[in-house]
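Here is what TrEMBL says about this protein:
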- 72-92: transmembrane segment (TRANSMEM)
- 99-126: transmembrane segment (TRANSMEM)
- 146-166: transmembrane segment (TRANSMEM)
- 173-196: transmembrane segment (TRANSMEM)
- 216-235: transmembrane segment (TRANSMEM)
Amino acid sequence: MLPTTASKGRAATRSAPPLFGPYLRRIVKWQQMDIEYTFWQMVHLCTSPKVVYQHTKYHKQTKNQWARDDPAFVVILILFLVFATSAYCAAYGESASHAALTITSVVLVHFLFAGIVLATLCWFLTNSYLREEPNSHVVEQRVEWLYAFDVHCNSFFPAFVILYVLQYFLSPLLVAHGFFPALLSNLLFVVAISYYHYLNFLGYDVLPFLDRTTFFLYPIGLVIILSPLMILIGFNPTRYFLSLYFG
C-alpha cells in the first residue's frame, strides 16, 4: 500500500496546475481578481498575520499549490505604491518628470526587482538547506518560487504602511534636526524591518516540509543591535531617503 500511496502523491505533484501561466493571464483580467479577499489579507497581515497563513494551508488543500493563483495582491500593492509615491512627489518633488522617474524607480526597483531578488534568495535557501529529508514513503516537496514571491509581498505590505503611509504624515516632524526626530525615524524603520522579517518567518514556518525556519528571524537581532548605534550617531533614515530622492 505504501508504494501505491507514494506513486499517487507523485502523480498529484506532476498534475499540479502550472503557476505562471494562469497567474500572468489574470493580471489583465481585472474582473477575475478577488479584490475583497485581497483587502481582507492586507488588513489581517497588519493585525493577525497567522490567520492569513492558516488560509494558505486551505489554499494548498484546495488548489494543490502554496502560491496564490490570483495576482490581485500584487496589482493593488503596486497601485498603492504609485499613489503613496505620488504624494511624496507632490510634497517634496520639483517637476513632473522627476515624479515619473521616482514612481517608476519605486515600483520597478524597490518593489519588483528587490522582491524578485529576495524571493529568489529565500527560494534557493529553503530548497537547498532548510528542507527536511524525506523518507522513502513521503513525496518530496519543494518551495514554489511564486510562493516565495508571495511571502515577500505579504511581508512588504505592513512595511509599506509604516514607511510609505505613516512616515509621510509624520515627515514634517521626522525631517527636522535633532535627537527626537532621529529617534522616532529609527524606531519606525526598526519596527517596519523587524515586522517584515517576522512575516517572512511565518510564511516559511507554515510549510510542513521545512525545518530551522527560525533562520528568518536572525536579521531582527541584527537590526536591534544596530539601531542604538544609528541613534547615537544621529543618523536619520527619513532625512537620508528623502534627500536621496528629492535632494
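Yeah, the Cβs are placed from backbone N, Cα and C, and that goes for glycine too.
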Residues of the parent chain within Cβ reach of the transmembrane segment (146-166), under 8 Å, 6 or more residues beyond its termini: 19-20, 23, 41-42, 45-46, 49, 52, 65-68, 73-74, 77, 80-81, 84-85, 88, 111, 115-116, 118-120, 122-123, 126, 188-189, 191-193, 195-197, 199-200, 203-204
Contact set, same chain, for the transmembrane segment (173-196): CB under 8 Å, 6 or more residues outside the stretch: 155-156, 158-159, 162-163, 166-167, 219-220, 223-224, 227, 230-231, 234-239, 242
Cβ contacts under 8 Å made by the transmembrane segment (99-126) with residues that lie 6+ beyond its boundaries: 77-78, 81-82, 85-86, 88-90, 93, 143-145, 148-149, 151-153, 156, 200, 204, 207, 210, 215-216, 245-246
